[in-house]
Amino acid sequence: MKKLGTDLLKRGFAKMVKHGVVMDVTNVEQAQIAEDAGAAAVMALERVPADIRVQGGVARMSDPEMILEIKDAVSIPVMAKARIGHFVEAQVLESIGVDMVDESEVLTPADEVNHIDKRAFTAPFVCGARNLGEALRRIDEGAAMIRTKGEAGTGNVVEAVKHMRAVNEGIARVVGYKEMGLEAELIQMARNELKVPMELISEVAELKRLPVVNFAAGGIATPADAALMMQMGCDGVFVGSGIFKSGNPATRAKAIVEATYNFDKPDVIGEVSKNLGEAMVGINIDEIPEEKLLAKRGI
């Protein structure tokens with residue numbers, strides 16, 4: 001019962017930022033711009049994904065002092081990233097009071113086999129996923145929120161679209177099997193393909209969606225990108241390099257918030273898309289060497 005209550009509390013926090021935008025920020029000034037623009041939360045980190053991609057090296061948890069400065073400067077929730085499998089980084093982030101930990105493929109993985117046991121923490125976690133199997137495995141580990149991995153730091157939404165479609169197609173298969181009474185196929189799918197408990201599959205079949213909040217992330221650079229992901233069924237969006245690598249961050253931040261909230265209103269999206277200045281310079285995915293792709297980290 002205690003574990004269930006903890007899961008409910010963690011998922012409850014994730015629902016609080018539903019329909020909102022979480023923005024990457026690297027300092028107090030950016031955090032205040034994000035809050036003024038209407039961000040639901042900020043992600044505090046020392047380097048945005050675009051810089052991590054260019055500069056290379058080992059990307060680790062940010063300096064706790066920087067995270068605390070941002071926490072002191074804003075009234076909205078503050079998230080921070082830990083490396084995949086690095087449970088001590090997560091312990092540190094929990095100890096300084098971050099509102100949510102992102103076990104992130106954007107940072108250099110600390111463990112190439114295991115993710116963090118998120119059920120051992122009171123802080124909620126968000127994790128990336130490219131398909132239904134990855135999403136459900138992270139939820140089984142205790143994740144309270146899922147996001148598409150996309151391909152962070154590219155300004156190119158194509159991978160986020162691919163990952164959201166894969167999750168949706170997986171859910172449709174589960175629902176279809178359930179409606180046709182194909183229980184044996186569901187059991188086989190859970191055991192051999194998705195590698196998750198049958199209870200999670202049953203929950204997906206009943207809800208016809210993931211049992212936790214599911215955000216878009218990775219390559220979102222424009223208001224239209226945000227609205228696209230929302231129309232595909234996302235519950236909100238993370239925007240990393242797309243805001244503060246653009247020509248007019250404050251205006252673009254507000255526009256993305258408006259487009260996320262009004263995702264089904266093309267006239268509003270068109271209006272907020274006017275005169276935003278230059279978007280971040282994007283990268284075509286096929287120009288990225290295989291070993292530099294971030295989304296492949298952590299399955």
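We count from 1, first residue shown onward.
The backbone N, Cα and C atoms fix where each Cβ goes, glycine too.
Within Asp24, Asp36, the residue that Swiss-Prot lists together with Gly153, Gly219, Gly240, Ser241 for binding D-ribose 5-phosphate is Asp24. Comparing Cα positions, Arg165 (D-glyceraldehyde 3-phosphate binding site) lies closest to Gly219 out of the binding-site residues Asp24, Gly153, Gly219, Gly240, Ser241. Nearest to Lys81 (active site, schiff-base intermediate with D-ribose 5-phosphate) in space, judged by Cα atoms and limited to the binding-site residues Gly153, Gly219, Gly240, Ser241, is Gly240. Secondary structure at Gly219 (D-ribose 5-phosphate binding site), taken from DSSP and collapsed to helix, strand or coil, is coil.
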